[in-house]
Amino acid sequence: MFSPADNIFIILITGEFILGILGNGYIALVNWIDWIKKKKISTVDYILTNLVIARICLISVMVVNGIVIVLNPDVYTKNKQQIVIFTFWTFANYLNMWITTCLNVFYFLKIASSSHPLFLWLKWKIDMVVHWILLGCFAISLLVSLIAAIVLSCDYRFHAIAKHKRNITEMFXVSKIPYFEPLTLFNLFAIVPFIVSLISFFLLVRSLWRHTKQIKLYATGSRDPSTEVHVRAIKTMTSFIFFFFLYFISSILMTFSYLMTKYKLAVEFGEIAAILYPLGHSLILIVLNNKLRQIFVRMLTCRKIACVI
């Protein structure tokens, strides 16, 4: 029998799962159809398509992990099951982080202006090497997830502790302790791509400041297209920073949940908050991307007309 908190958790996480799949699936479908029609795809759409596929995987793994942990806490007594879940989560998490970083760096290189030779070389090269960069993201994520699987496979201490516990609730709390160090370590590794995104963000803000300063010399009373593009990209990157910070804090909360009296409630809250990252940022991308937003508005308009008819 589920408690009221469990019922609320299931309802919320199911709603997030549906919205996440629909939102990310919409981006992938629009870009795929556009690719088929034009026989080619832009670099930003190519990165976005790979990103939303990674996010669909991440959302799916997080939902499965949340439901399994909360509704079947004795999963921690079965080493292989927990290792499989954590390995897939690590892979999807890192793949999502690195591709998002690629998107942020791409925005910076394409929108910002600079006369630095390295910047100009990267700006020229990015379109030609994006396939290899994304392949590198896949390879890094796969390598880290395999290392995570090996580390957890070598750590059987939690099984030795859990098998002496008769109460499943106690088992849930105690068996997470050995995962503290690996979880914390792999969470900290995710800071690396985030720092790269943060650097790109500040450099883009600096570029906007310099551009705005130049525009003031030729004040026209309205923003020029370049300024609008700068602002839109900064909004996208700001939303990423916000949602990733929420995701990171939620991951830390779940990692330390075994120290809390209401650990089960902490895990439920952490899972719900963490899923907002791959869900919320993708919805922001739809709103700020002209093509995605216009197609969505046309779909809603056609639906309203069909309902009236």
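Residue positions begin at 1 at the first shown residue.
Positions of Cβ are set from backbone N, Cα and C atoms, glycine also.
Annotation source Swiss-Prot lists topological domain 'Extracellular' at 1-7 (among others), citing sequence analysis. When the topological domain 'Extracellular' (1-7) is classified with DSSP, helix, strand and coil residues number 4 helix, 0 strand, 3 coil.
The transmembrane segment annotation in Swiss-Prot covers 8-28 (among others) and is backed by sequence analysis.
Taken from Swiss-Prot, the feature topological domain 'Cytoplasmic' covers 29-50 (among others), and the record attributes it to sequence analysis. Mapped onto DSSP classes, the topological domain 'Cytoplasmic' (29-50) shows 18 helix, 0 strand, 4 coil.
According to Swiss-Prot, the feature transmembrane segment maps to 51-71 (among others), an assignment based on sequence analysis.
Annotation comment: Swiss-Prot describes 72-82 (among others) as topological domain 'Extracellular', evidence class sequence analysis.
Look at Swiss-Prot and you will find 83-103 (among others) tagged as transmembrane segment, backed by sequence analysis. Within its own chain, the transmembrane segment (83-103) is flanked in space by residues 44, 47-48, 50-51, 54-55, 57-58, 60-62, 64-65, 68, 75, 130, 133-134, 137-138, 140-142, 144-146, 148-149, 152-153, 179, 183, 186, 189-190, 193-194, 196-197, 200, 240, 244, 278, 281, which lie at least six positions past its ends and keep a Cβ under 8 Å from the stretch.
According to Swiss-Prot, the feature topological domain 'Cytoplasmic' maps to 104-131 (among others), an assignment based on sequence analysis. Note: the topological domain 'Cytoplasmic' (104-131) comprises 23 helix, 0 strand, 5 coil (DSSP; helix = H, G, I, strand = E, B).
Feature annotation from Swiss-Prot assigns transmembrane segment to 132-152 (among others); the stated evidence is sequence analysis. Note on the transmembrane segment (132-152): residues 46-47, 50, 79, 82-83, 86-88, 90-92, 94-95, 98-99, 102, 179, 182, 186, 189 of its chain, located 6 or more positions outside it, place their CB under 8 angstroms from a CB of the stretch.
The feature topological domain 'Extracellular' is assigned by Swiss-Prot to 153-184 (among others). Per-residue confidence over the topological domain 'Extracellular' (153-184) averages 52 (mean pLDDT, predicted model).
Taken from Swiss-Prot, the feature N-linked glycosylation site applies to Asn167.
Annotated transmembrane segment per Swiss-Prot: 185-205 (among others), in sequence order, evidence recorded as sequence analysis. Listed by sequence, the residues of this chain that lie at least six past the ends of the transmembrane segment (185-205) yet keep a Cβ under 8 A from its Cβ atoms are 90, 93-94, 97-98, 100-101, 104-105, 107-108, 111-112, 144, 148, 230, 233-234, 237-238, 240-241, 244, 248, 251-252, 255.
Positions annotated as topological domain 'Cytoplasmic' by Swiss-Prot, on the basis of sequence analysis: 206-239 (among others).
Annotation comment: Swiss-Prot describes 240-260 (among others) as transmembrane segment.
Marked as topological domain 'Extracellular' by Swiss-Prot: 261-266 (among others).
Marked as transmembrane segment by Swiss-Prot: 267-287 (among others).
Per Swiss-Prot, the feature topological domain 'Cytoplasmic' maps to 288-309 (among others).
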